[in-house]
Amino acid sequence: MGSIYRSEHMKLCQIFFQSESAYQCVAELGELGMAQFIDLNEEQNSYQRKFVNEVRRCEEMERKLNFVEEEITKDEVAIPDYDGHIPAPQPKHMGEMEANLEKLEEELLSINKNTKTLKTNHIQLLEMKAVLEHVTSLLDRQSKREAAMSISEAARGEAGPLSIGLKQEFDKPVRDEAELKFVTGVIKRSKVVGFERFIWRLSRANVFSKFIPIMEKTEIFSHDFEDKSVFLLFFSGEHLRSKVMKICSGFQAKCYSIPEGLEERELLLNNIKLQANDMKAVIEKTLDYRAKCIHTAAGSLRKWGIMLLKLKSIFHTLNMFSVDVTQKCLIAECWVPEADIVQVKNSLHMGTIHSGSTVPAILNEMETHKYPPTYFKLNKFTQGFQNIVDAYGIANYREVNPAPWTIISFPFLFAVMFGDAGHGILMLLAAAAFVYFEKKLISMKIKDEIFNTFFGGRYVVLLMGMFAIYTGFIYNDFYSKSINMFGSSWVNPYKYSLLVSMDKQGIDSGNELSLTFPPEVAFNHDYGPYPFGVDPVWNLANNRLNFLNPMKMKMSVLLGIAQMTLGLVLSLVNHIGNRSLIDTFFVFIPQCLFLGCIFIYLCLQIIMKWIFFNVKPAFIFGNLYPGSNCAPSLLIGLISMFMFNRGNKHFVSDVDNGNGTEWTMVNGKNVTYTPNDQCYLQQWYPNQTFVEMILILIAVVSVPVMLFVKPFYIKWRHGRGLPVDLGHGPDDDHGEFNFGDIMVHQAIHTIEFVLGCVSHTASYLRLWALSLAHAQLSEVLWNMVLRNSLYVGGWFGSVAVTIVFYFIFSILSVCILILMEGLSAFLHAIRLHWVEFQSKFYGGTGIQFEPFSFTKIIRVYEGLDQ
């Protein structure tokens, strides 16, 4: 947890492996997952590396494993996950793995080929059986007579298309039924109409056809079934037979030769039935055997896959090492966290022991100017918040990490926009369920991307729910209703008789009459403000928004400038860590002066207005404040500050000099005064104009200091041959010094900061806007849905409340107010952290530490990570 504030110190290490122990040592480092290897053979392609043959063998085994997985998926067999630890297989076991996978592949290929042949033969037998069963009725004497008459009529031109001047063999009149030939077979029923028409037109009606649908299923081992029909074609002449056979082939009709004798057909039919039954039994046994092979393979598939994955990843890593001239030693370079070097050495020692080698691997720490990767030690709680930061950019090496501050500020700003205690409770319960059942959910290895997104951020959602409950109580908002826990500080100043008469008058006129509670008499000043949050009486007031909007708007400005100030302070930590005095004195301090003289000054004005300027007349900073009508206008006052156009020094004039036109009571004493015009625009503390002029001058002077001092200081250092930071990130040493580029770079940062202070302050007003939107949507949903059902009386009203609440109000609350509004507030909170907060100190151009880790590789293989 300690290293979450800054990334771990990284060391570039050089490791010397003996060839016999290199594989086992790398396997141990893969189990540890603390070494990021550097490719020392970038100039070589994959075919020139030492272990290319081993990688190819692994790829071939991977192909076979993918084929087995496709066969398992084809049979819709579930592939169980493997949760046990699997050590990396030894290279000497590769031959055994290859033999087992090759045997399994050949066995499945052989089964598939034989099964396909058996199924095809079985279909042909069933089709032949259907033909023999139906052909007897098609070959009776009546059918032959009809065929002979039809063909004779076509020959005489009495039927079919006319033929003029064409004399062919099949045009001759049929003298006897014995001259007719026939072809029989099976065709798909969907092609019968087209098949019949085509033959009739091509043969000019000299072919007589009959069709009988097959009612029995012929593809009993296939999920795809298509209706078929038996056809019988009569014709005369061998020349026409060849045409008929070509047409059958074109329509994918299968022709079968059958004997003309009845006894012979019956004998053949009995033989085919026996063959079909025997073949069915063979196919069933073959499929049963295939199913056993598939289920056996499915149980071990994930284990084989993990073993192969480790084997291939180790050889791929070994290909990144350089080989000495003796071919007996492998040299590797890797980044290792300084705190974990001892663990890496222990893993190398264990790898040497397990390999049986007598020569240990040697690890040397190297001095380097290479830019190190960024690595934070995280746990399941901090991981979700670090992911939010990393989505913007990876932290630079040893740069201040925004994640620790995000743990608090992110859910809090979300809750400011989402603030409803009721909705926060639902969000808290959902996240608590994820946390409580996290071990069970992790063991289930759910691969749904949306679920994993919510589950991975379960602790983020947990804190979001907690803070939403807190801000909900601050706003006194529980499903758009307020809770009176401590008793309101407001009392009714009107007599009961007046209220009754006004109520009657309102009923008679049809208008709802309203009363104003004067704060001087209606607010119990002795009791003081509501102890925690907003007074519940404001939920009933017609001017509720007029009270809440200014409060939330000023609160948004205070929170926004506070977070920007925190970001500016964290930039100082970066400057101190980089030992950059120029950034500390001529960037950080001018930025603080610019931000403080304008925006922090505005925050102080907001707080002072809340504290001093209420509804009661008083002497404030020596000046008479007559009442809330003279409360200072902060927005117009800020504009007047830049225009150096402040009004009078006092809210009123002629105080107790006998010339006053009005009077008020201050601390039990009558005070006369004359109100100044637009008293809310006047100065409200002594020497306000002078103070604001000094603040503006300091802010203006700080801009050229930020702009010019650092570039000229860098130019001065470069002119004396001193090392300089060119602002190009990790590749500064390779950059060419150009004063123009440095000046432009500094100008961009200065302009971005100056304009950003204004735009970012305005951007934080989204806290107020989304809070207002959520509260209004919640109120609309209450008034339009639930409240209407409460007006229904009797037993029907109870049913209406139940149905409306559980099936409409609850669903809309979850879908709209929690999911949609929650997502909106979540995205806006991300934007406030990425742009408004992190832009003050966070570079985000670092390099992610990606160690060689079996755990990470296996999670990607299982589809749990990307």
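The backbone N, Cα and C atoms fix where each Cβ goes, and this holds for glycine too.
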Q: Match it up for me: which of 624-644, 750-770 does TrEMBL list as transmembrane segment?
A: 624-644
**Q.** Per Cβ pairs under 8 Å, the stretch of 412-437, 555-573, 624-644, 690-709 packing most closely against the transmembrane segment (585-612)
**A.** 690-709
**Q.** Close approaches to the transmembrane segment (555-573) from elsewhere in its chain (Cβ under 8 angstroms; 6 or more beyond its ends)
**A.** 400, 402, 405, 409, 413, 416, 584, 588, 591-592, 595, 599-600, 602-603, 606-607, 757, 760-761, 763-768, 832, 836-842
Q: Give me the mean pLDDT over the coiled coil (51-121), rounded to a whole number.
A: 92
